[in-house]
Amino acid sequence: RSDCGDSSDEQGCTYQPCQSHQFTCQNGRCVSHDFVCDGDNDCGDESDELEHMCRTPAPTCPPGEFKCENGH
């Protein structure tokens, strides 16, 4: 738990291994998978909000359809 607001009190802490329903933050903390990509820095190191994890995949077209260059 970050008491300082900037998580400086969390540096150097060790955490128990995360359970299967939890996300392992880069700093070792565990947060619920529900908190990943929700727009809040739940890990304290932003690792639950990294762009490569939170980017919405490009929609794919059903068979027989074509995606125009304008995205439609």
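Note that Cβ sites are derived from N, Cα and C of the backbone, with glycine treated the same way.
Note that TrEMBL annotation is computational and uncurated.
What TrEMBL annotates here:
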type	residues	note
DISULFID	C18-C30	disulfide bond
DISULFID	C25-C43	disulfide bond
Rounded inter-Cα distance in Å - C25 (disulfide bond), C18 (disulfide bond): 9
C25 (disulfide bond), number of other Cβ atoms within 10 Å: 21
Whole-number Å value for how far C43 (disulfide bond) lies from C18 (disulfide bond) (Cα to Cα): 13
All-chain count of other Cβ atoms within 10 Å of C43 (disulfide bond): 24
